[in-house]
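Engineer: A single structure is presented below for examination.
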Amino acid sequence: MTSPAHIAIIMDGNGRWAKSRGLPRVAGHRAGVEALRDVVRAAPGLGISFLTVYAFSSENWSRPKSEVSDLMGLLKLFIRRDLAELHGQGVRVRVIGDRESLQPDIRSLLEEAETLTRHNTGLTLVIAFNYGGRDEIVRAVRKLSEAVLQGKIQPHDIAVHDFAAALDTSGIPDPDLVIRTSGEQRLSNFLLWQAAYSELVFVPCYWPDFSSAHLVEALRDFAGRERRFGGLSSQEAVSSALAR
Ligand code: FPP
């Protein structure tokens, strides 16, 4: 089975998982961190080189203050507790999203994780934090506009690869597969540019219940898909060439 090099996950359903057990929402997020740990440990063995996870969206600020603060706390705890293990496993951490509006302590923790692991050559774990696809695109437009104003590039010379290089994901290949848990079937502002040709797999279970077995199942589903990137299927391409 050929594994996708890059998997991106929308870890959805923490709140519903907690509610179904009569627990506070934060218990769902805590259990979600456990599920994330398991998936990060399993990914390299499944041939995955890049794993992107949607940990906090730019829209999540509209949640109650206490939940926002719980999520910030969990990120801090995750980095403080798990960074040494991740580093030991050769994981390289990258963070995408708008850092400007994050608290200085969170910003410096994220930077510390990136700096410590920058030369690692194992799995690249991309944490989308304060991330929104539209916001990322707007920030990329600003960067390119600055470059135009400084005379570094002419507007008509801006190509697809220049735009991709101005995004937070510069240097990271597009996701081959996007997985969303909890049964919801939408992208919710996640990797809007990068997911242009991604295969989408929707898993009914809530994120805290997601395990490496679900991941293997999603990989099987992916292996059965034929990716055409706007072209023809290999069968159709052969028939069309023969008909000419
Ligand atoms: C969606 O569930 C999940 C989130 C908004 C946050 C995901 C965060 C984690 C798994 C833990 C934190 C991550 C790190 C890296 C520390 P929801 O709350 O929208 O669930 P619901 O739709 O059932 O309410």
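Cβ atoms here come from the backbone N, Cα and C positions, even for glycine.
Checked TrEMBL, it gives:
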type	residues	note
ACT_SITE	Asp12	active site
BINDING	Asp12, Glu199	Mg(2+) binding site
BINDING	13-17, Arg25, His29, 57-59, Trp61, Arg63, Arg180, 186-188	substrate binding site
ACT_SITE	Asn60	active site, proton acceptor
Engineer: Would you mind reading off the Cα separation of the residue listed as 'active site, proton acceptor' from Asp12 (active site), to the nearest angstrom?
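Structural biologist: Answer for this pair: 12 Å between alpha carbons.
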Engineer: Could you tell me which of the binding-site residues His29, Ser58, Trp61, Arg180, Leu187, Glu199 have their C-beta within a distance under 6 angstroms of some atom of ligand 1?
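Structural biologist: Among the binding-site residues listed, those whose Cβ sits under 6 Å from ligand 1 are His29.
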Engineer: Rounded to a whole number, how many Å is the Cα of Glu199 (Mg(2+) binding site) away from the Cα of Gly15 (substrate binding site)?
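Structural biologist: About 26 Å separate the Cα atoms of these two residues.
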Engineer: Between the recorded positions Asp12, Glu199, whose Cβ has more other Cβ atoms within 10 Å than any of the rest?
Structural biologist: Asp12
Engineer: Counting every protein chain present, what is the number of Cβ atoms, excluding its own, within 10 Å of the Cβ of Trp17 (substrate binding site)?
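Structural biologist: Other Cβ atoms found within 10 Å: 25.
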Engineer: Can you tell which of Ser58, Asn60 has the most other C-beta atoms within 10 Å, given these are the recorded positions?
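Structural biologist: Buried the deepest by this measure is Ser58.
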Engineer: Comparing the binding-site residues Gly15, Trp61, Arg180, which residue's C-beta has the most other C-beta atoms within 10 angstroms in this structure?
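Structural biologist: Sorting the candidates by Cβ neighbours within 10 Å, the top entry is Arg180.
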Engineer: Given the binding-site residues Gly13, His29, Leu187, which one has the fewest other C-beta atoms within 10 angstroms of its C-beta?
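Structural biologist: With the binding-site residues Gly13, His29, Leu187, fewest surrounding Cβ atoms within 10 Å: Leu187.
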